[in-house]
Amino acid sequence: MASLALTTAPCSSPLISLRSRLPPPKSSVIRDGNRCAYRPIITPLTISDRSGLGNLRPLISSNSLFKVAKSGSIFTVKASAPGSATSPVVPATQKPWQGAAIKPLLASIATGIILWFVPVPSGVTQNAWQLLSIFLATIVGIITQPLPLGAVALLGLGACVLTKTLTFAAAFSGFGDPIPWLIALAFFFARGFIKTGLGNRIAYQFVSLFGSSSLGLGYSLVFSEALLAPAIPSVSARAGGIFLPLVKSLCVACGSNVGDGTEHKLGSWLMLTCFQTSVISSAMFLTAMAANPLSATLTFNTIQKTIGWTDWAKAAIVPGLVSLIVVPFLLYLIYPPTVKSSPDAPKLAKEKLEKMGPMSTNEIVMSGTLLLTVGLWIFGGMLNVDAVTAAIVGLSILLVSGVVTWKECLGESVAWDTLTWFAALIAMAGYLNKYGLIAWFSQTVVKFVGGLGLSWQLSFGILVLLYFYSHYFFASGAAHIGAMFTAFLSVASALGTPPYFGAMVLAFLSNLMGGLTHYGIGSAPVFYGANYVPLGKWWGYGFLISVVNIIIWLGIGGVWWKFIGLW
C-alpha cells in the first residue's frame with residue numbers, strides 16, 4: 001500500500017520532512033498562522049484534522065482515492081479504493097489495442113471472399129469479378145471503418161496487386177487523376193482561410209447580416225453557392241475551395257467545433273446542408289459541373305439533339321429552386337442544429353469585426369489569391385487552364401508568400417487521407433468499367449426492363465432508379481456518365497421515352513446522385529472530411545435526400561417540363 005507522511009513544523013524551520021515509499025512528488029508549502037506544512041500536490045483533496053490546521057481541509061476530498069490518518073503530528077495519506085479500507089497496488093495500465101477493429105475487418109474480408117467464390121456470371125471476365133469482390137469489400141470497410149479510410153483503401157489496393165487483379169500501375173493510377181488532388185488542395189486553401197483570419201472575417205460578415213437564425217445563415221450560403229454555380233464549372237473547386245473554408249469558419253465563429261461535443265450546435269447541419277445543395281446547384285446549369293458537357297455530348301452522339309446552356313437552365317430552374325428551398329428546411333427538421341436562434345449574434349459579430357480592425361497583409365494576399373484562383377476557374381476554358389492547375393497556382397502563391405507553409409500542408413492529415421482513399425476508389429471503379437463489368441450490368445438491366453412490357457413511363461422510371469442508385473459503385477460522376485449514360489438513353493428511347501426528355505432527366509440525375517455517398521462527387525470528400533457528420537448519418541441522410549430530390553425533379557419537374565413542351 002502506498003503511503004505518504006505529512007509532517008507539520010514551525011514555518012521558521014529550515015527543514016520540512018516527507019516520508020514516502022514513493023518517489024517525491026511535486027509539492028507546496030501551506031501556511032497556517034506560525035506553522036507550515038509540506039504536502040504533495042494531489043488535487044482535488046480535503047482532509048479533516050483535530051489540530052486546528054484549517055487550511056489543510058482542501059487537501060484531500062472525501063470522495064477521493066485517499067484516506068488520512070493522524071498520529072501525533074504526523075498525517076499519513078494512504079491510497080485506497082472508494083468504499084474500501086485498503087486497495088491493492090494497481091499494475092500499470094495496459095495499452096489499448098492500436099490495430100484494426102476486428103469485427104468490421106472480418107465483415108469486410110468476408111464480403112470479398114464470399115463474392116470471390118460466387119460463380120462468375122456469363123459475359124463477365126474473371127478479372128472483372130475479382131475486382132468487383134475487392135471493390136465491394138473495400139466499400140464495406142469504408143462504411144464500417146475497421147481502420148481509417150485511407151488505410152482501408154490501401155488494403156484494397158494491396159489486395160488488387162497481391163491477387164494480380166490489377167498491376168501496381170493500374171491500382172495506383174487514381175493518384176494521377178486531377179480530382180483527388182483538387183480536393184486535397186481545397187483543404188490547403190481552407191488552412192489559409194483559417195490561419196489568416198480571412199475566413200473569420202467573412203464569417204462574421206455573414207453572421208452580422210443573417211446570423212439571427214441558423215436557418216437564415218444556411219439559406220444565405222446555399223443561394224450564394226448557387227449564384228456562383230454557372231460561373232465555376234467544378235463543384236470540387238466551388239464547394240470545396242470557396243465554401244468549405246467559409247462554412248468551417250462560420251461553425252467555429254458560432255462555437256461549433258469538431259471533437260468537443262459541439263458539432264451539433266451548427267456544424268453538422270450546415271455541413272450536410274451545404275453539401276447536399278451543392279449537387280442540386282450542379283444540376284441546374286450546364287456549366288456548373290465538369291461532367292455536364294459530357295452528358296450533352298453523349299446526348300448529341302446518341303439522339304442527334306443538342307442541349308444548349310439556355311435549354312438546360314430553363315428546364316432545371318423550377319425543380320432546382322424547389323430543391324434548394326426544401327432540402328435545407330427538411331434537414332433542419334430531421335437533423336437540426338441545437339442552436340436555432342441567436343438574436344445577439346449579429347451584434348456580437350459586428351463587435352468582433354471592429355476588434356479585428358483592418359485587413360492584415362496576409363489576409364490581403366489570401367484574398368487576392370482567392371480572386372485569382374476563382375478567376376482561373378471561371379475563365380480557365382478560354383485560357384486553357386484546368387481547375388487543378390489553377391488551384392496549384394493559387395497554392396504556390398500562398399507558399400511563396402508564407403501565408404501557408406509546406407509544414408502546415410503536411411500537417412493536414414485529413415487532406416492526405418482523403419486523397420488516398422478517393423484515388424483508390426477512382427482507380428478500382430475505373431477498371432471495373434475498363435474490364436467491361438459496367439457495360440455488362442447496363443446491358444443486363446436494359447434486357448430486363450425491356451422484357452417487362454410496361455408503358456414507357458414505368459419503364460423509364462425503373463431505368464432512372466437503376467441508373468441513379470448504381471452510383472454507389474462509382475467515385476466519379478464523369479465515370480458513371482461515360483459508362484452508362486449512352487446505354488440507358490438508348491434503351492429509354494427504344495422503349496418509347498421521348499429522347500430529348502430522357503436525355504435531360506438522366507443529365508440532371510447524374511449530378512443529384514452524387515449526394516448518396518461521401519465519395520460520389522468531388523465536393524463529397526471535402527465536406528465529409530470536415531468530420532462534423534458521422535459516416536452512417538452521411539449515408540442515411542444522403543439516401544433520404546436522394547428520394548426527396550427524385551420526387552421533386554420527376555414530380556414538380558415533370559409538370560414543369562410538360563408545360564415547357566419537353567415531353
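Backbone N, Cα and C define each Cβ position, glycine as well.
With a cut-off of 8 Å between Cβ atoms, the residues of this chain six or more beyond the transmembrane segment (105-122) that come close are 129-130, 132-134, 136-138, 140-141, 144, 146-147, 152, 159, 440. Here TrEMBL flags 105-122 (among others) as transmembrane segment.
The transmembrane segment annotation in TrEMBL covers 128-144 (among others).
Sequence-distant neighbours of the transmembrane segment (178-194) (same chain, 6+ residues past either end, Cβ-Cβ under 8 Å): 200, 234, 236-237, 240-241, 244-246, 248-249, 252, 366, 369-370, 373, 386-388, 391-392, 394-395, 398, 403-404, 408-409, 412, 414-416, 418-419, 422-423, 426, 476, 522, 525-526, 529. Positions annotated as transmembrane segment by TrEMBL: 178-194 (among others).
Nonlocal intrachain contacts for the transmembrane segment (206-228), taken as residues 6+ away from its ends with a CB within less than 8 angstroms of a stretch CB, comprise 238-239, 242-243, 246-247, 250, 253-254, 266, 269-270, 273-274, 277-278, 280-281, 284, 320, 324, 328-329, 332, 337, 339-343, 345-346, 348-350, 353. For 206-228 (among others), the entry in TrEMBL reads transmembrane segment.
According to TrEMBL, the feature transmembrane segment maps to 269-291 (among others).
Listed as Cβ neighbours of the transmembrane segment (312-335) (distance under 8 Å, sequence separation of 6 or more from its ends, same chain) are residues 214-215, 218-219, 222-223, 226, 230, 268-269, 272-273, 276-277, 280-281, 283-286, 292, 296, 504, 507-508, 537, 541, 544-545, 548-549, 552-553, 556-557, 560-561, 564, 566. Sequence annotations record features per position, and here TrEMBL assigns transmembrane segment to 312-335 (among others).
The transmembrane segment annotation in TrEMBL covers 364-380 (among others). Counting only same-chain residues 6+ beyond the ends of the transmembrane segment (364-380), those with a CB under 8 A from a CB of the stretch are 189, 192-193, 196, 198, 231-234, 237-238, 241-242, 386-387, 389-391, 393-394, 397-398, 401, 403.
Taken from TrEMBL, the feature transmembrane segment covers 387-406 (among others). Away from its own ends, the transmembrane segment (387-406) comes close to residues 178-179, 181-182, 185-186, 188-189, 191-192, 195-196, 233-234, 236-237, 241, 290, 362, 365-366, 369-370, 372-373, 376-377, 380 of its chain (Cβ-Cβ under 8 Å, at least six residues beyond either end).
The annotation transmembrane segment is assigned in TrEMBL to 418-441 (among others). Within its own chain, the transmembrane segment (418-441) has Cβ neighbours under 8 Å at 121, 123-125, 127-129, 131-132, 134-135, 138, 142, 149-150, 152-154, 156-157, 160, 166, 170-175, 177, 179-181, 183-184, 187, 470, 473-476, 479, 482-484, 487, 519, 525-526, 529, counting only residues six or more beyond its boundaries.
Packing against the transmembrane segment (474-495) from elsewhere in the chain are residues 179, 289-291, 294-295, 298-299, 301-303, 422, 425-426, 429-430, 433, 438-439, 441-443, 445-446, 449-450, 456, 459-460, 463, 466-467, 502-503, 506-507, 510-511, 513-514, 519-522: each is 6 or more residues past its ends and has a CB under 8 Å from a CB in it. Taken from TrEMBL, the feature transmembrane segment applies to 474-495 (among others).
Marked as transmembrane segment by TrEMBL: 500-521 (among others). Beyond its flanks by at least six residues, the transmembrane segment (500-521) meets 142, 235, 275-276, 278-280, 282-283, 288-289, 291-292, 295-296, 299, 302-303, 305, 307, 312, 315-316, 319, 421-422, 425, 460, 464, 467-469, 471-472, 474-477, 480-481, 485, 488-489, 492-493, 528, 535, 538-539, 542-543, 545-546, 549-550, 553-554, 557, 561, 566-567 of its own chain at Cβ-Cβ distances under 8 Å.
Long-range contacts of the transmembrane segment (541-561) within its own chain (CB-CB distance under 8 A, at least 6 residues past either end) are made by residues 272, 276, 280, 283, 315-316, 318-319, 322-323, 326-327, 330-331, 334-335, 461, 464-465, 468-469, 501, 504-505, 508-509, 512-513, 515-517, 533, 567. Per TrEMBL, transmembrane segment is recorded for 541-561 (among others).
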